[in-house]
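Undergrad: Before we start, here is the structure in question, set down as structure tokens.
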Amino acid sequence: MPASEKQQYRDDPSLPTHDSSYPLSPPQSSKRKHLLRLLGLCLVGSLLTYASLPAAPHGVTPTTQSVCQQSPILTPRGNTTDLYSAEPKRRIIDWLSGAVQVPTEAYDDMSDVEGDARFKVFEAFHDYLEEKFPLLYQHLSVEKVNTYGLAYEWTGSDESLKPLMLTAHQDVVPVERSTVLDWEYPPFSGHYDGTYIWGRGASDDKTGLISIMSAVELLLEGGYAPTRTVVIAHGFDEECGGKVGAMALGQYLEEKYGKDSMLMLVDEGSGLQERYGQMIAEPATAEKGYLDVELSIATAGGHSSVPPPHTGIGLLALAINELESHPVAPRMSRRNPLYSALQCYAHYGELDKEVKDTLKDAAREGKKGERALKKLGGLIAGMSPEGKASVTTTRAVDLVKGGVKVNALPELSQAVINHRINADSSVAELQDQMIDVLQPLTEAYGLSFNAFGKEVSSVKDARGTLTLAEAFNSALEPAPISPSDTDSAAWNLLSGSAKSTWSTRKDADHTDLIMVPGLAIGNTDTKRYWNLTRNIYRFGYLVGKDAGGIHTVNEHIKADAVVEAVRFMQNLIVNADEYAGN
């Protein structure tokens, strides 16, 4: 694209501006955006070559006797569409391209649905969806929740069957104006170059949304009528935490259908990765928890010509140093999806000897098994930053402020610390760890100490007060862990549908698709839907190499990958419809 056109696009007054002032809205959790959500996590890649895990030792726990069992392929008997014929493929490409052209950017400070004009773009997006998917809007009931959330019901003929729930989000991360000239094509052009579709949201998450809508529209064109109800929910502020979109949708759906009312829920998440000649799919069966903590130190002011040994900012620095010097210890348990993933990887490859031996011992009952689990967590944490993030609660000091003038002692110094909580931990355990780390410092420097609404210690003639408090109303426990074994009908439906899609792709060979449970380091809109089902899977049927540029310049996705995503959605809908249980 000529530079002059890019410059004109960058100067478009309709593009929102950015405000980086502090205090900010909470730093939001990332999904595929940080490329850490590849749920086996790349840490495993450094461990494996071909071989298989040795036979389970005597004394293993019952849950580890069968290693990495795979669900059978589920080929739908009902009618699905040949999506690779010219016309369906062209339409799918056009549908996604047009969706990208609607700049549904979401900013962290967007919360006033009625009063913030930046939300108006979602009206245009709704109009677009209604225009492009006429049969869906004719046959499905549509409810707008909190103005811009979309809830659809494709009513089945058997009301006794729990609905299948499919979700995506309408919003995209903003495009930084200063980067527009760095894009191969304008960020909201939806340009199709014959291979890839380009633009913000092409991968995250308008492919997910369009794949759901396309699958339903094309099934309706073929005369399909479901037995099992299908519920679709599209939030509009996932990139900002889902506080006005998915939260309202979750409440609405729970009121309408009740608790534990859905057969299963499939939302965006990790996809497929080739490792050692084997294609691996890694649906996230759990997510880490989340907590932002404001650390404040209040001290007496005064003229900086007569300073104390440590100003409030100095004390804040000491407190931050204590927290960073005492990270949360890694922990691994047999319920952690990563433990199951390691067993699967070991079954299809050879682990480093120390890790293999430790994993073998970790399957044992009793103290030896517990010691091995502890060691296993340490081994994984020591391999890479991604490995550490998968088995511990991470801590990052991201915001700091203090002082108002260079010659005035600061009276209030503050930092905000972001935590992603280990799947085997809790908000309360993290809070206790922070108190334990900081209490010796407050005693050494004569500070009173308040933490999370409680007085920890009160010092007479204190030099100041250190306070820990939840920031941004952010506390989120680790997600419930969804089943990932072949005794689970939901896991079998997801796995069997993915395997069927893989085995019938246009360039199919004789390789199998191996399904492995994973752990999401970031958070998705699913955190607002926990009450609806225990079977929550964060999974996008997408080979990793077929997309790029998520949350940065040149976001793009391969057109054939979008077609495959639609095929997967059709297979899942029909397979769930043909399953008679709940």
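Backbone N, Cα and C define each Cβ position, glycine as well.
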Undergrad: With HIS169, ASP267 listed by TrEMBL as binding Zn(2+) 2, identify the candidate in ASP127, ASP204, ASP292 belonging to that site.
TA: ASP204
Undergrad: Can you pick which of HIS551, HIS556 TrEMBL lists for the same Zn(2+) 1 site as ASP204, GLU239?
TA: HIS551
Undergrad: Between ASP267 (Zn(2+) 2 binding site) and GLU238 (active site, proton acceptor), how far is it from one CA atom to the other, in Å?
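TA: Spelling it out, the Cα of ASP267 (Zn(2+) 2 binding site) and the Cα of GLU238 (active site, proton acceptor) are 12 Å apart.
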Undergrad: Which of the recorded positions HIS169, ASP171, ASP204, GLU238 has its Cα closest in space to the Cα of HIS551 (Zn(2+) 1 binding site)?
TA: ASP204
Undergrad: By a simple count, how many Cβ atoms lie within 10 Å of the Cβ of GLU238 (active site, proton acceptor), its own Cβ left out?
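TA: A 10 Å sphere around the Cβ of GLU238 (active site, proton acceptor) contains 30 other Cβ atoms.
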Undergrad: How many Å lie between the Cα of HIS169 (Zn(2+) 2 binding site) and the Cα of GLU238 (active site, proton acceptor)?
TA: 6
Undergrad: Just to confirm: which same-chain residues, 6+ apart in sequence, have a Cβ under 8 Å from the Cβ of ASP171 (active site)?
TA: THR104, GLU105, ALA106, PHE122, GLY235, PHE236, ASP237, GLU238, GLU239, CYS240, GLY245
